[in-house]
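If you look up Swiss-Prot, you'll see 7-14, 20-21, R59, 86-89, K97, 113-114, 182-183 marked as substrate binding site. The active site, tele-phosphohistidine intermediate annotation in Swiss-Prot covers H8. Summarising the annotation, Swiss-Prot assigns active site, proton donor/acceptor to E86. Summarising the annotation, Swiss-Prot assigns site 'Transition state stabilizer' to H181 and lists sequence analysis as the type of evidence.
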Amino acid sequence: MELVFIRHGFSEWNAKNLFTGWRDVNLTERGVEEAKTAGKKLLDKGYEFDIAFTSVLTRAIKTCNIVLEESHQLWIPQVKNWRLNERHYGALQGLDKKATAEQYGDEQVHIWRRSYDISPPDLDPQDPNSAHNDRRYANIPSDVVPNAENLKLTLERALPFWEDQIAPAMLSGKRVLVVAHGNSLRALAKHIIGISDAEIMDFEIPTGQPLVLKLDDKLNYVEHYYL
């Protein structure tokens with residue numbers, strides 16, 4: 001069976017080189033075109049889906065809608081869940097990446113961005129931009145809502161959604177599309193493929209390009225490739 005991952009199209013803060021994380025930003029025109037191209041590729045290759053999973057962030061939701069519209073499948077059920085959100089970049093969210101490197105040093109910022117188990121500084125829960133003050137997370141216990149994450153923590157919160165929603169859907173015979181974010185998809189790919197903690201640091205998923213993971217009937221990894 002096949003599972004298709006798509007990272008959201010190029011966003012406004014991708015274009016501005018800002019740390020985004022859980023901040024809710026829109027797609028750029030480039031991002032919209034990337035999503036349209038992805039949908040057309042899926043249509044041309046004959047990919048049909050029974051259900052789509054995405055995050056609760058606008059850039060992923062819009063990408064999912066565009067992909068499904070272009071592939072003539074906008075009618076299928078979509079499940080939105082915070083566990084597919086991007087990695088939470090803590091106090092770095094909204095900061096310019098280059099300026100942050102100049103302030104803290106390239107090495108420190110590299111550790112925050114690329115280390116598997118070291119998180120950036122926490123975002124104050126009282127900050128106006130904190131997820132604690134966003135009603136889309138109102139039903140999540142406050143001690144579960146992150147203030148900063150590394151990739152390890154991103155996997156730990158995404159994995160229950162894989163086990164409770166995505167994997168059962170696939171095992172029941174449903175054809176699944178997941179439209180999410182660079183780090184939430186990298187985290188799930190690490191689990192599915194069996195990528196080591198060291199190797200995952202160099203595993204990148206480009207914006208708007210369908211990544212196909214081939215699995216056997218027990219969801220064991222076989223191979224992966226881009227369309």
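Cβ atoms are placed via backbone N, Cα and C, with glycine included.
These figures come from a predicted structure and were not determined experimentally.
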H181 (site 'Transition state stabilizer'): nearby recorded positions from H8, W13, K97, Cα cut-off 10 Å: H8
Entry from the binding-site residues list R87, K97 having the most other CB atoms no farther than 10 A: R87
R7 (substrate binding site): secondary structure state under DSSP, collapsed to three categories: strand
Most crowded position, judged by CB atoms within 10 A, among G21, G182 as binding-site residues: G21
Listed recorded positions (H8, H181), ranked by Cβ neighbours within 10 Å, top entry: H8
Inter-residue C-alpha distance, R7 (substrate binding site) and E86 (active site, proton donor/acceptor) (nearest angstrom): 10
Rounded inter-Cα distance in Å - E86 (active site, proton donor/acceptor), F10 (substrate binding site): 14
Set of same-chain residues at least 6 away whose C-beta sits under 8 angstroms from F10 (substrate binding site): L27, T28, R30, G31, E34, T207, G208
Cβ neighbour count (within 10 Å, all chains shown) around W13 (substrate binding site): 20
